[in-house]
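Per TrEMBL, these features apply:
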- 127-225: DNA-binding region (DNA_BIND)
- 2-118: domain 'Response regulatory' (DOMAIN)
- 127-225: domain 'OmpR/PhoB-type' (DOMAIN)
- Asp53: 4-aspartylphosphate (MOD_RES)
Amino acid sequence: MKILLLEDDKYLCNNVKQQLTKEGYIVDACGDGEEGFLLALDRNNSYDLAVIDRMLPIVDGLTIIKAMRNKQIQIPVIIITGMSELQNKIEGLDSGADDYLSKPFHMEELSARIRALTRRPANLSRQSSLSFHDISLDMAKRLLTGPKSSVTLTPTEFHLMQVFLEQPDTLLAREQLIQKVWEADASLETGNLDNYIYFLRKRIRTIASGCVLSSVYGSGYILEVGNG
């Protein structure tokens with residue numbers, strides 16, 4: 001598996017590259033946003049995943065990710081950055097990234113997120129689409145469609161939405177959701193789940209669906225038809 005690593009902190013970049021190489025990945029590392037931009041948009045490089053620092057010199061990480069998506073380069077992208085506020089995460093994920101990891105981080109967590117984004121879920125539905133009430137999810141295109149519009153989901157949003165659509169009107173425990181989407185320790189991914197619930201709610205509002213993701217305090221979430 002081939003990974004593009006864009007990080008201008010030389011010490012961090014070298015450490016991440018060395019560790020990923022030990023794990024069997026082929027890693028192209030670059031600390032310059034301009035060079036990284038060219039590497040990311042060159043389809044001949046055939047990357048399977050990109051790890052991109054947000055604050056790169058010359059060309060910033062978000063610009064690179066947006067350009068990748070505009071060119072229909074749909075490989076998973078993880079943003080690594082010291083900017084950890086919720087709004088920073090929203091901006092990063094809205095730019096087209098699939099995951100967001102705040103610095104400082106443990107290498108084990110980055111490795112786990114890479115594995116989560118690059119594996120094919122064992123329970124991937126054989127159906128071409130999943131539907132509930134007024135929304136449908138195209139399983140091939142990751143396209144969520146509602147009464148007025150459609151939106152393409154990131155891989156993580158897609159996997160989470162798939163779980164809800166396979167069991168609508170059902171209370172799904174937080175631990176159950178984390179295990180199905182991330183296959184990780186609940187304590188590791190609990191904040192990540194909250195973020196992606198927030199993002200999915202935005203997506204559902206965008207397509208003008210009458211469905212809602214309701215939270216049950218201390219238990220989990222339900223995809224159901226709203227009262228409004």
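Just so it is clear, glycine is given a Cβ too, placed from its N, Cα and C backbone atoms.
Automated prediction, rather than curation, is the source of TrEMBL annotations.
The Cβ of Asp53 (4-aspartylphosphate) lies under 8 Å from the Cβ of Leu6, Glu7, Asp8, Asp9, Gly61, Ile79, Ile80, Thr81, each of which sits 6+ residues away along the same chain. DSSP places the residues of the domain 'OmpR/PhoB-type' (127-225) in helix, strand and coil in these numbers: 41 helix, 28 strand, 30 coil. The helix, strand and coil residue counts that DSSP assigns across the domain 'Response regulatory' (2-118) are 56 helix, 24 strand, 37 coil.
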